[in-house]
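Feature annotation from Swiss-Prot assigns transmembrane segment to 33-53, 77-98, 113-133, 178-198, 226-246, 288-308, 320-340, 347-367; the stated evidence is similarity to another entry. Residues or ranges marked as heme b b562 binding site in Swiss-Prot: His83, His182. Under the heading heme b b566 binding site, Swiss-Prot lists His97, His196. The feature ubiquinone binding site is assigned by Swiss-Prot to His201.
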Amino acid sequence: MASLRKSHPLLKIANDALVDLPAPSNISVWWNFGSLLGLCLITQILTGLFLAMHYTSDIATAFTSVAHICRDVNYGWLIRNIHANGASFFFICIYLHIGRGLYYGSFLYKETWNVGVILLLLVMMTAFVGYVLPWGQMSFWGATVITNLLSAVPYVGNTLVQWIWGGFSVDNATLTRFFAFHFLFPFVIAAATVIHLIFLHETGSNNPTGLNSDSDKVPFHPYFSYKDLLGFAALLIALAALALFSPNLLGDPDNFTPANPLVTPPHIKPEWYFLFAYAILRSIPNKLGGVLALLFSILILMLVPILHTSKQRSLMFRPFSQFLFWSLVADVMILTWIGGMPVEHPFVIIGQVASFLYFFLFLVMIPVTGWLENKILGWQ
């Protein structure tokens, strides 16, 4: 008789995903970030749930309710610090996960990849509306600036912005609906994650060589279940260290000042994980052009499978393409730095060059280099 985990309708699904799943024997630590993202999502949902129990989404009390959570609620300070810094770790894991996918050619699983890009957009939207909730200065002005970008949409732009605001400015209606969205989206993300995994398990995991690994599989449990647990421990220790020792390291001091529509902060900027996209937005001196560049800076990931020209899947044996990949990583870091700088010389020109290079690498350099490597190897 088959064991219960193989015959029970529900346990069978868990078994096929977590126990008896055939996994390539050579997947490295770069394959840990998927499970770490799952851990981040669970952590954020749980801490967020407890924060929502004490938070009030009204402009008169939102800021003070967050102060109340930190001062009067049992371990409220800890829950808030884990939630705020958990978002940073979420994005660190996302960017490393995407980088892994780009480096090893995982994007050739097109359905899995495209659902992943949709997940990235959902997480970015969730983080944006969440940042508005404490109703500090940067919350308010960040919401004003980013929602205003929609006014660049031809013909319907202004109507669209007022519709999202629920009035003629960022006000109580805006905060209330942003809280509703921030509560809803993580569950949408959880559902999309299930779809992401369904598509992944259709094909199985890629591996560092990019070659077919059917001849060398190992069961997920115990090998990768324990490897994932080690990753969990590392992530939780790092998150606890940041949340306990320097919880405000990545935050903006302006957000300790309650929102004031009459005083604009000297430098409006988003959280660090959006700075690269913000730099691309600012590098184009035209509103609609900037908005399109901002959008395309993320959606360009969907074009990567189409622009893949190499006969090899992974970059493991492609030194020229490796150089371009690390150039892209350096470029994103430069954009992140520029996004946090004031709009003045030399930061403007550095941002424009880095933004051009970002798109040039994706759209021209990487495809041409892939084709060139085929030629060099005589693989016409």
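Quick reminder: no glycine exception, Cβ is built from N, Cα and C everywhere.
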Can you tell me the three-state DSSP label for His182 (heme b b562 binding site)?
helix
Could you tell me whether the transmembrane segment (320-340) and the transmembrane segment (226-246) have 3+ CB pairs under 8 A, leaving out pairs under 6 positions apart?
no
Count the Cβ pairs between the transmembrane segment (178-198) and the transmembrane segment (347-367) that lie under 8 angstroms and are 6 or more residues apart in sequence, then report whether there are at least 3.
no
Once near-sequence residues are set aside, which residues in the chain of His182 (heme b b562 binding site), 6 or more away, have Cβ atoms under 8 Å from its Cβ?
Gly48, Thr126, Val129, Gly130, Leu133
Going by C-alpha distance, which of the binding-site residues His97, His196, His201 is nearest to His83 (heme b b562 binding site)?
His97
Reported as an integer number of Å, what is the Cα distance between the residue listed as 'ubiquinone binding site' and His97 (heme b b566 binding site)?
17
At a C-beta cut-off of under 8 Å, are there same-chain residues at least 6 beyond the transmembrane segment (77-98) that contact it? List them, or none.
30, 33-34, 36-37, 40-41, 43-44, 47-48, 50-51, 66, 69-71, 116, 120, 123, 127, 130, 235, 238-240, 242-244, 247, 250-251, 271-273, 301
Distant-in-sequence neighbours of the transmembrane segment (288-308), which means Cβ under 8 A and at least six residues beyond its ends
98, 102, 105, 107-108, 110, 113-114, 117, 120-121, 124, 149-150, 152-154, 276-278, 280-282, 355, 358-359, 362-363, 366-367, 370
Checking the binding-site residues His83, His97, His196, His201 for other Cβ atoms within 10 Å of each Cβ, the smallest tally belongs to His201
